[in-house]
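Taken verbatim from TrEMBL:
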REGION    73-97  region 'Disordered'
DOMAIN    171-279  domain 'UBP-type'
BINDING   C195, C198, C215, H228  Zn(2+) binding site
BINDING   W205, R217, R218, Y219, F220, Y255, Y257, D260  substrate binding site
DOMAIN    322-832  domain 'USP'
ACT_SITE  C331  active site, nucleophile
REGION    502-521  region 'Disordered'
DOMAIN    632-673  domain 'UBA'
DOMAIN    699-739  domain 'UBA'
REGION    748-771  region 'Disordered'
COMPBIAS  749-758  compositional bias 'Low complexity'
ACT_SITE  H794  active site, proton acceptor
Amino acid sequence: MADVGEVLMSVLSTIRVPKPGDRVHKDECALSFSTPESEGGLYVCMNSFLGFGSQYVDRHHARSGQRAYLHITRTRKKEDDSNSGSGHPPKKKPTRLAIGIEGGFDVEQDQYEEDVKVVIWPDRQEVTSEDLATMPDVVRERVSLSMAGIMAADSVSHTLQVQQWDGEVRQESRHAADLKQLENGIKIPPSGWRCEVCDLQENLWMNLTDGKVLCGRRYFDGSGGNNHALLHFQETGYPLAVKLGTITPDGADVYSYDEDDMVLDSKLPEHLSHFGIDMMTMEKTERTMTELEIAVNQRVGEWEVIQESGTTLRPLFGPGLTGMKNLGNSCYLNSVMQVLFTIPDFQNKYVSNIDKIINEAPSDPTQDFKTQVAKLGYGLLSGEYSKPAPDPGDENDISDTFGIYSQKLGDQIGIAPQMFKALVGRGHPEFSTNRQQDAQEFLLHFINMVERNCRSGPNPSEAFRFLVEERIVCQQSQKAKYTQRVDYIVQLPVPMDQATNTEELQEAERRHEEGDSSAPTVRAQIPFTACMAALSEPETLTDFWSSAVQAKTTATKTTRFASFPDYLVIQIKKFTFGLDWVPKKLDVSIDVPDTLDLSALLATGQQPGEELLPEVAPPPLMTPDVEVKAPVLDDSTVSQLCEMGFPLEACRKAVYYTGNTGIDAAMNWIMSHMDDPDFSAPLVLPGCSSGPGTTPTESLSEEHLATIVSMGFSRDQATKALRATSNILDRAVDWIFSHLDDLESMDVSEGGRSAAESEGGRDPPPGPRVRDGPGKYELFAFISHMGTSTMCGHYVCHIKKDQQWVIFNDQKVCASEKPPKDLGYLYFYRRVAE
């Protein structure tokens, strides 16, 4: 064997020192979930800075020719229970709802012992720091700098983990600068406050306009206040309130009911002084809203039903029973991916072929979608990481705090999907952050990524894809219009007026309003049959433009299944808007069945003797000067809608399609079209020379073309759809499914060929690629959400495995004793074979 110094000299030119901007993967293998703490440690290529577990480093050497690797092994330090002799200060509990910020959750508190050495392939010759000291200067300096640079660099996964996220960042209220305060002589005493309506003595807010002291909102579990401060705002419009008991010389909790958020008030001392309050002498006696939220995240009582915290759950280990670490508000991703990898289509696409996928992976597999999805799937299904955690660890662990665990017993080693989360979230304004997200939105986002990355070969997202038929009947002419669109999720409405326990709800509400603290929390009981009836019943369209009568009239729209998917996803529409347009979550219990038969909702198509509406486009909204092509929209109405938080283009369409008839009509249009796939797409104006249909073929996105072709359409059909919708993919897909009859007989001469040449040279268009079969299903999984909004709270999922319900709560995987099937948010059904 050659002298180690000579070997190092021979590879010296390939050893690099990390520069700013280099991605250093020193915490996670690019192809597995091996880490420096794993058996065998992690090998970091000293040229590419990619990390590999012991099972993949030989492969990387053979493919890349690289020989020098930095071998990192890491073991957790043993801490003295008393901390008295360790010299380390006790760990602080978080006081700020933040990550990587003073007072927030510290993800760097775990301390490790590290062992580092250079290993030269193929003979695995080891070089320690002591060995380097005896080598020539040129070798010692280059290798030492590279080692030091790799160890000092923030790894990619670490950078993502400690990415600053601050749940307390607040904006200056637009009402603060010129807030009007009434000269009513009210002076607020320094203590002894009570709600002026119900005498409640906690959770009290003082309105900064008139000095009224009233109780705050009722929390989702029935605790908190009785909503009197909110009701006062609705009656008076006075927007700002300060939480009494949180006022200190440093500030206070200020809430803007108009802006529906915690805000900053730069003139708070002046506003408080108006009512006799001196900030400099006040002391905090109540927990701030942030402290309350942290406390909620560290206790289980309010959410114990969904997490089954009232019983001792039996931990499960083995293949398909692997937990996932919470990376800080990543439980939405964990729950969705756990469910998806119980579906054979995803298993076959990514896990069964993992050896082939890894062998075909590009030089940087951390940026390859197929590789990272396969890595995640194998990690979940193999059982290699489904082992008990060796050490309960720190009680202030970030995943515990955000995952809301009741205990650490039963936690797994599990997997930390850091590379996967970074890849699927890259470039997305929400999924690239550490904020909580909507699991339904992430599911659709991931399905969209699968669609874009499966242009050839099996596409597992087809398991969810189905066709929806919409039948619109003009009530004046009785003529009908049929359109089809593709969808992946059934959104089930919740008819609150169909609750079966109305008397109990009213009684509980009455007792809460009277300030009865012993009043029970009553959840509305909604029959699943009532939800299905609300889904299938005809919808009245009051502003429908009928091509038969050439005017706006009333129509009815009926929605049915044109095909039934292999796997059906049902979203319970728990998140809605109140009368004040404030988002809220419906606290409901729905008796979701284990089996489902949707056969009665199968579309029937055009009925015998039924006349169809003529295919004539509605006229554009024109000004009195008919030469002006662009419509004139009421800018004030558009602005009002935008201030409510709706997208600009959606606001423009709302004003356009309601004919400038005012804010109420436009708002009604928005609320009835929020689920449209093109809700935020640009307004397409009829008659404009730069509008749809004029996009030249050469400017069409090849990526969009390939996506539509992968769904079973021809390139000519995809081209026509994109040209008709200004090259907007979502609208093109919607358009193509609503023009299937036209596409099957269209003259395909737009791509440069004659119709005769086209017809003679290819088969008839295959149409949309959807699976179909009986509409009978059985429930196999559901995802539940806890909290008042999709932007906060926690997700867990329950999955039925071998006739046993299993709860996946991040790193905890246990046998479920009482699966709360009535409280789910997303339900997953699979087709029952007849």
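Backbone N, Cα and C define each Cβ position, glycine as well.
Keep in mind it's a predicted model, so treat the numbers as computed, not measured.
What TrEMBL annotates, mapped onto the structure for a quick look.
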residue: C195; record: Zn(2+) binding site; CB count, 10 Å: 22
residue: C198; record: Zn(2+) binding site; CB count, 10 Å: 19
residue: W205; record: substrate binding site; CB count, 10 Å: 30
residue: C215; record: Zn(2+) binding site; CB count, 10 Å: 26
residue: R217; record: substrate binding site; CB count, 10 Å: 19
residue: H228; record: Zn(2+) binding site; CB count, 10 Å: 24
residue: Y257; record: substrate binding site; CB count, 10 Å: 22
residue: D260; record: substrate binding site; CB count, 10 Å: 13
residue: C331; record: active site, nucleophile; CB count, 10 Å: 29
residue: H794; record: active site, proton acceptor; CB count, 10 Å: 25
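Listed recorded positions near C331 (active site, nucleophile): H794 (candidates R217, D260, H794; Cα-Cα distance within 10 Å). Averaged across the domain 'UBA' (632-673), pLDDT in this predicted model comes to 79.
DSSP places the residues of the domain 'UBA' (632-673) in helix, strand and coil in these numbers: 30 helix, 0 strand, 12 coil. The Cα of W205 (substrate binding site) lies closest to that of C215, out of the recorded positions C195, C198, C215, H228, H794. Apart from C195, C198, C215, H228, the residues listed for Zn(2+), the same chain places the Cβ atoms of E196, V197, D199, L200, L204, L214, G225, N226, N227, A229, G515 within 8 Å of the centroid of those Cβ atoms. Nothing from the recorded positions Y255, Y257, D260, H794 places its Cα within 10 Å of the Cα belonging to H228 (Zn(2+) binding site). Within 10 Å of the C-beta of Y255 (substrate binding site) we count 24 further C-beta atoms, all protein chains included. Among the recorded positions listed here, namely C195, C198, C215, H794, C215 has its C-alpha nearest to that of Y255 (substrate binding site). Of all the binding-site residues given, namely C195, C198, C215, R217, Y257, none has its Cα within 10 Å of the Cα of H794 (active site, proton acceptor). Rounded to a whole number, the distance between the Cα atoms of C195 (Zn(2+) binding site) and R217 (substrate binding site) is 12 Å. The Cβ neighbour count for R218 (substrate binding site), using a 10 Å radius over every protein chain in view, is 19. Taking DSSP states H, G and I as helix and E and B as strand, the region 'Disordered' (502-521) has 12 helix, 0 strand, 8 coil. In this structure, the CA atom of C215 (Zn(2+) binding site) is 14 Å away from the CA atom of Y257 (substrate binding site).
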